[in-house]
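*Asks:* Got these off Swiss-Prot a minute ago, pasting:
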type     : residues      : note
SIGNAL   : 1-18          : signal peptide
DISULFID : Cys39-Cys65   : disulfide bond
CARBOHYD : Asn50         : N-linked glycosylation site
CARBOHYD : Asn115        : N-linked glycosylation site
CARBOHYD : Asn124        : N-linked glycosylation site
ACT_SITE : Asp216        : active site, proton donor
DISULFID : Cys218-Cys235 : disulfide bond
CARBOHYD : Asn236        : N-linked glycosylation site
CARBOHYD : Asn281        : N-linked glycosylation site
CARBOHYD : Asn318        : N-linked glycosylation site
DISULFID : Cys341-Cys347 : disulfide bond
DISULFID : Cys369-Cys378 : disulfide bond
Amino acid sequence: MPALPILALALAPLLVNGQLSGSVGPLTSAHSKAATKTCNVLDYGAVADNSTDIGSALSEAWDACSDGGLIYIPPGDYAMDTWVSLSGGKATAIILDGTIYRTGTDGGNMILVENSSDFELYSNSSSGAVQGFGYVYHREGDLDGPRILRLQDVSNFAVHDIILVDAPAFHFVMDDCSDGEVYNMAIRGGNSGGLDGIDVWGSNIWVHDVEVTNKDECVTVKGPANNILVESIYCNWSGGCAMGSLGADTDITDILYRNVYTWSSNQMYMIKSNGGSGTVNNTLLENFIGRGNRYSLDVDSYWSSMTAVDGDGVQLSNITFKNWKGTEADGAERGPIKVVCSDTAPCTDITIEDFAMWTESGDEQTYTCESAYGDGFCLEDSDSTTSYTTTQTVTTAPSGYSATTMAADLTTDFGTTASIPIPTIPTSFYPGLTAISPLASAATTA
């Protein structure tokens, strides 16, 4: 077998500034893993004919390389009829340079990686993809098909330079993971709720340079979670980024989102709960640009789309929204600032600063606050935390609201009844910024 064009990676995990608590990423490089052992799925029965099931071959290759090695899926089209549970890996990498097409109909997760450490999944060509063909389910009104990718209890990991398309359910979930990095990804799903882009909970995880198209979560933090850094995110006709839904015993702290561009989505950022208990604190949401979104800054502690949970409410504190600009779809119907907190668990130490947004329809917009205390706009600055409700109506556009757009903004969604094309991964995910890390394809061809 010819030598693999493996991306040269640092031998040590990466340490970046921000809300992270330490280093992230694999402990050893793909080069060192390949030098230990290489397991090509073609040697285990895979055939790039878009017919033969790759599931068993991938499982066997994992078993052979899970104690240290690199699993290679060469360029070509592969059918996946049976799902894989890849468990117990130590110093293992998977290079996906081909395209996997869902043909099976089981629920669960097409690809589950669990109880593993020092793990990496990526494409040398930055074109490796999984096509879920979710529209086959969605056109029948079925949102209970499989997820594409789930990492569960995985530490010191990276997932990058791959494309996930049209999941029957969620696209990518990180469940109780730690010390990981996710970047240089394109996720493209159907125009329906329940088709989440990225959901993450765990500790010390960096998500950056990701584009998401769908109609539900773009990149969303769930609980429990701490020290999560999310930056350079392109929600391109999506549901938008969020936190939640939050329920009982919520424990989320040290979260930073920055450089998030949101176009034609449900919201720029939403913190959503209904009852429940626990806390969210020490969170910064800065450098947000929005255009054409239904909601902008949306904190809703009485979110009616979830069933109420027992408890006085999730306590939100020390949360800052900074440097937001752009336009919302209709500022009178859905104002750009909505901070509705629980009367029995008021929000405290909330800050809204450098916030300039204006309506695309009409000539007025509203700011609404309820039981929310802090500094800025309709927030009450008081030592008292008695319940209150206030709505401010503004008829003059704020200065500085105009913002740069992205050339790749979609002009329509992809619906739910037809196959969704596989996109390419962009090199910019926020106006004026290039990706923090170059695409793997650029590194391997340099």
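Placement of Cβ uses the backbone N, Cα and C atoms for every residue, glycine included.
Could you place these features in context, so I can see how deep they sit and what lies close by?
*Replies:* Spatially close to Cys39 (disulfide bond) yet at least six residues away along the chain are Ala61, Trp62, Ala64, Cys65, Gly69, Leu70, Ile71, Tyr72, judged by Cβ distances under 8 angstroms.
For Asn50 (N-linked glycosylation site), the same-chain residues lying six or more positions away in sequence with a CB closer than 8 A to its CB are Asp77, Tyr78, Ala79, Tyr101.
Long-range Cβ contacts of Asn115 (N-linked glycosylation site) within its own chain (separation 6+, distance under 8 Å): Ser87, Gly88, Gln152, Asp153, Val154.
In the three-state DSSP classification, Asn124 (N-linked glycosylation site) falls within coil. For Asn124 (N-linked glycosylation site), the number of other Cβ atoms no farther than 10 Å from its own Cβ, over all displayed protein chains, is 22.
All chains included, 25 other C-beta atoms sit within 10 angstroms of the C-beta of Asp216 (active site, proton donor).
In this view, Cys235 (disulfide bond) is surrounded by 30 other Cβ atoms within 10 Å of its Cβ, with every protein chain counted. According to DSSP, Cys235 (disulfide bond) sits within a strand segment.
Long-range Cβ proximity for Asn236 (N-linked glycosylation site), meaning a same-chain Cβ under 8 A and a gap of 6 or more residues, is found for Glu211, Val212, Thr213, Trp263, Ser264, Met406, Ala408, Asp409, Leu410.
For the recorded site, Asn281 (N-linked glycosylation site), the DSSP three-state label reads strand. The number of other CB atoms found within 10 A of the CB of Asn281 (N-linked glycosylation site), across every protein chain shown, is 16.
For Asn318 (N-linked glycosylation site), other Cβ atoms within 10 Å of its Cβ number 17.
Taking the Cβ of Cys347 (disulfide bond) as reference, residues of its chain lying under 8 Å away and at least six apart in sequence are, in sequence order, Val299, Ser301, Gln315, Leu316, Ser317, Ile319, Val339, Cys341, Ser371, Ala372, Tyr373, Gly374.
DSSP classifies Cys369 (disulfide bond) as strand under the three-state reduction.
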*Asks:* Cα-Cα, whole number of Å: Cys218 (disulfide bond) versus Asn281 (N-linked glycosylation site)?
*Replies:* 21
*Asks:* Within 10 Å of Asp216 (active site, proton donor) by C-alpha distance: pick out those among the recorded positions Asn281, Cys369, Cys378, and say none if nothing qualifies.
*Replies:* none
*Asks:* Given a 10 Å Cβ-Cβ cut-off, pick out the one of the disulfide-bonded residues Cys218, Cys369 that has the most other Cβ atoms nearby.
*Replies:* Cys218
*Asks:* Report, in whole Å, the straight Cα-to-Cα distance of Cys235 (disulfide bond) from Asn124 (N-linked glycosylation site).
*Replies:* 25
*Asks:* What is the number of other Cβ atoms found within 10 Å of the Cβ of Cys341 (disulfide bond)?
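*Replies:* Other Cβ atoms within 10 Å of Cys341 (disulfide bond): 27.
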*Asks:* Sorry to bug you, but what's the C-alpha spacing from Asn281 (N-linked glycosylation site) to Cys235 (disulfide bond), rounded to the closest Å?
*Replies:* 24
